[in-house]
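What TrEMBL annotates here:
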type: ACT_SITE; residues: 16; note: active site, proton acceptor
type: BINDING; residues: 22, 24; note: Zn(2+) binding site
type: ACT_SITE; residues: 63; note: active site, charge relay system
type: ACT_SITE; residues: 107; note: active site, charge relay system
């Protein structure tokens, strides 16, 4: 965090506090909800959802240094919580209104963040 001293960053972020950055292989799950279309039997066409996820998640984040390559994280600390918020906001712009239910980001098998938007 740019707003903290080196010592405060080390205390707060531990081994993740690396001035040169470090990598993660996040796993993201997107959950939608809504009325099931009686013809297709789906809430949303999965091909469409995959395209939205490609645009909202993969294009801006995949193989990127979040702190250096993604403008959003120039001013926002790139925690898994904030990655989930970033993904939520990007998807919300693309999906039909009200269909996005939650975004789950797995940083590791033990570190998982679930974000359901501002309630």
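Glycine too: its Cβ is placed from the backbone N, Cα and C atoms.
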How many other Cβ atoms sit within 10 Å of the Cβ of residue 24 (Zn(2+) binding site)? 15
Neighbouring CB atoms within 10 angstroms of the CB of residue 107 (active site, charge relay system), all protein chains considered, total 18
What's the CA to CA span in angstrom from residue 63 (active site, charge relay system) over to residue 24 (Zn(2+) binding site)? 10
Taking only the CA atoms, the spacing between residue 107 (active site, charge relay system) and residue 24 (Zn(2+) binding site), expressed in whole angstrom, is 7
